[in-house]
């Protein structure tokens, strides 16, 4: 654990809290891509399959539970909550996210650190997380009218990834050139996807 990793975790957590606040306070999911939320839920379930088998620390376990349950709660609200689901703009949220799932799965089978079930699931989650924001970014581009909470949600997601890149750089120089090429490349791709959003976010 270092400051960059902690800040990355906190900005990630804050992004989820912002989105939950928006849905709870306004009883609306307008401007939020359900497909991105479903992808993130899949990311967390695939990545944290070791939750009940490998104990690292209380902090680590709590964060895993929080991200799995919060993403599931968001998807449930958008699909089942009587008021929230009526505000979901299905006609705008049309990105074919199944293609992203299939591509991430193929990449995980071809490029992984070890060809085991758990490692393939981990690689799959890394590849999928890199592009999971795409449906949300496309939806924002189509709707054009972005409310503050939705914009802040995407902003903090981008900040989380930026802090994690700093965390990897820090660990590379302080832990004997520690590096894992899969999250490095996926993280850079994910950060690049946010570049256009950040540009217009700061202009606003």
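From the backbone N, Cα and C atoms, a Cβ is placed for every residue, glycine too.
TrEMBL annotations: computationally assigned, not manually curated.
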Legend entry - Per TrEMBL, the range holding transmembrane segment, considering 58-77, 78-97: 58-77
Legend entry - Correct range for transmembrane segment (source TrEMBL, candidates 27-45, 122-140): 122-140
Inset, instruction - For the signal peptide (1-25), could you work out the same-chain residues 6 or more beyond its ends whose Cβ comes under 8 Å from its Cβ atoms? - result: 32, 59, 63, 66-67, 70-71, 73-74, 77-78, 84, 147, 149-150, 152-157, 159-161, 163-164, 166-167, 170-171, 174
Inset, instruction - Spell out yes or no: are there three or more C-beta pairs under 8 angstroms between the transmembrane segment (182-202) and the transmembrane segment (122-140), with each pair 6 or more apart in sequence? - result: yes
